[in-house]
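Report on the following structure.
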Amino acid sequence: MPMYDYTCTCGTTFERRVPSWSSPAPPCPDCGAATRRRPPSPAMHGRAAPPPAMSAAPKSWEGLNNGDRDTITHWRRAAEARRDFESRHPEHHTRKEAIAAHEGHFERNPLTYRELATRAATTGDANKAAHEATQARKTGER
């Protein structure tokens, strides 16, 4: 039995299963007046959302469930989907920077080579610059 959407002049809209497409329109359930069939609402299956950002991918062996094949395959496919998405929609492209350090104090806020070079420009020493960046991360600065 097909289901159709109906509307009444009193403003009521409703769905009703009828025996066939040629069945007469049922009366309005609110006022009893004659109704007319209206175009159905579109069915919304699934969703339209961009693939997860590359930053969401795991960056450690533990994040990949210690090398679980299914997890690796999932993230490889997600990365491919993201690359395809970014090639079609360049406004969603995320800029990547080379990471100098990503462990310890830099786990949540990685040290980029750009930041390291900027800090080293004043002292001329990359080791001192890395130490300054570590101290800044400890105090919550950037």
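Glycine residues also receive a Cβ, built from the backbone N, Cα and C atoms like all the rest.
Automated prediction, rather than curation, is the source of TrEMBL annotations.
The domain 'Putative regulatory protein FmdB zinc ribbon' annotation in TrEMBL covers 1-40.
For 19-69 (among others), the entry in TrEMBL reads region 'Disordered'.
Counting residues per DSSP class in helix, strand and coil order gives 13 helix, 3 strand, 11 coil for the compositional bias 'Basic and acidic residues' (82-108). Annotated compositional bias 'Basic and acidic residues' per TrEMBL: 82-108 (among others), in sequence order.
Positions annotated as region 'Disordered' by TrEMBL: 82-142 (among others).
According to TrEMBL, the feature compositional bias 'Basic and acidic residues' maps to 128-142 (among others). Sequence-distant contacts of the compositional bias 'Basic and acidic residues' (128-142) (same chain, six or more residues past either end, CB-CB distance under 8 Å): 100-101, 104-106, 109, 111, 115-117, 119-120.
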